[in-house]
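Comments concern the structure below.
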Amino acid sequence: MNELKNDRYLRALLRQPVDVTPVWMMRQAGRYLPEYKATRAQAGDFMSLCKNAELACEVTLQPLRRFPLDAAILFSDILTIPDAMGLGLYFETGEGPRFSSPITSRADVDKLPAFDPEVELGYVMNAVRTIRRELKGEVPLIGFSGSPWTLATYMVEGGSSKAFTKLKKMMYAEPATLHLLLDKLADSVILYLNAQIKAGAQSVMVFDTWGGVLTGRDYREFSLHYMHKIVDGLLRENDGRRVPVTLFTKGGGQWLEAMAATGCDALGLDWTTDIADARRRVGDKVALQGNMDPSMLYASPERIGQEVETILAGFGHGEGHVFNLGHGIHPDVPPENAGAFVEAVHAQSGKYHR
């Protein structure tokens, strides 16, 4: 593999010295870029784009051609694992992801098949290898998965949900069934992320998008417990380098101490968490990633720069900060505003590293 030319992102995750704060954006390869829309149209549909290694590589690299980002993130979807388990993933126009065979019973959980990530999800591994080759060592590549709890929300609800009534009914009425499902999913995520690491991912992230809908007690039992299992099962070194792992629970700002105790390297913060407070609480244990409100990218470049400064000052001097949005970039953000954001982080952060 090529020698890494810019390792700021990996160094920051390990709380090692950097010259400026590294920055990338969740969903940086996406619909706000006209070139992404053109490539997606060429692919035909979203999953065809994910399953074509060359096109997945192309959309992964598109934001890097526009902006001096410090990391690339694999272009894929969090629902690849349930799709590999035979739930029949499809996308309804305007509705988002759906499953034709959702989980409704203990019998459904019992019959979920094991899978080989190099077979059923070989297209993801091909994309990882292709992207690593084409990056030529410019920046590191991030691999990712959904968390067991978040995957379960889609698998039991049959798609997106606002109230999660089917899953919460299972959680309270049949907790043993849900634990069995989550345990199978945790094992699958470990296999999947380790396969991504072996294929070339230099850092991995677990997205717990829906952990924030739980009570604190339920979060620990049904989400965090299984993310802890994943952290324990991951390859933490490859190619002679540490492979950092980041956990991100949207709405999880009240549980940072418990998240940091899993042994992960970094925590993602959404925009509702004060980064200064987060650093006071867990900055001696983990790096922090975040956490500008994605909607700030609708503002003027000047206002974006002010917000960047506020967050940099909130984190303060020293190491262990990866700048990002608090969630994914919105599809109708002007690309030039994303560029202003990236440039502001690099231009304004050097003084915090001297």
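Each position is counted from 1, following the chain as shown.
The backbone N, Cα and C atoms fix where each Cβ goes, and this holds for glycine too.
Taken straight from Swiss-Prot:
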- Arg27, Gln28, Ala29, Gly30, Arg31, Asp77, Tyr154, Thr209, His327: substrate binding site (BINDING)
- Asp77: site 'Transition state stabilizer' (SITE)
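Cα-Cα distance from Tyr154 (substrate binding site) to Asp77 (site 'Transition state stabilizer'): 13 Å (rounded to the nearest whole number). Each of the binding-site residues Arg27, Arg31, His327 was scored by how many other Cβ atoms lie within 10 Å of its Cβ, and the smallest score goes to Arg31. Spacing of His327 (substrate binding site) relative to Asp77 (site 'Transition state stabilizer') is 15 Å (Cα to Cα, whole number).
Between Arg27 (substrate binding site) and Asp77 (site 'Transition state stabilizer'), the C-alpha separation comes to 11 Å. According to its DSSP assignment, His327 (substrate binding site) is coil.
Note: the CA-CA distance between Asp77 (site 'Transition state stabilizer') and Arg31 (substrate binding site) rounds to 14 Å. Of the residues the record lists as binding substrate, namely Arg27, Gln28, Ala29, Gly30, Arg31, Asp77, Tyr154, Thr209, His327, the two whose Cα atoms sit farthest apart are 23 Å from each other. The Cβ of Ala29 (substrate binding site) lies under 8 Å from the Cβ of Tyr36, Val59, Thr60, Gln62, Pro63, Ile73, Phe75, each on the same chain and at least six residues away in sequence.
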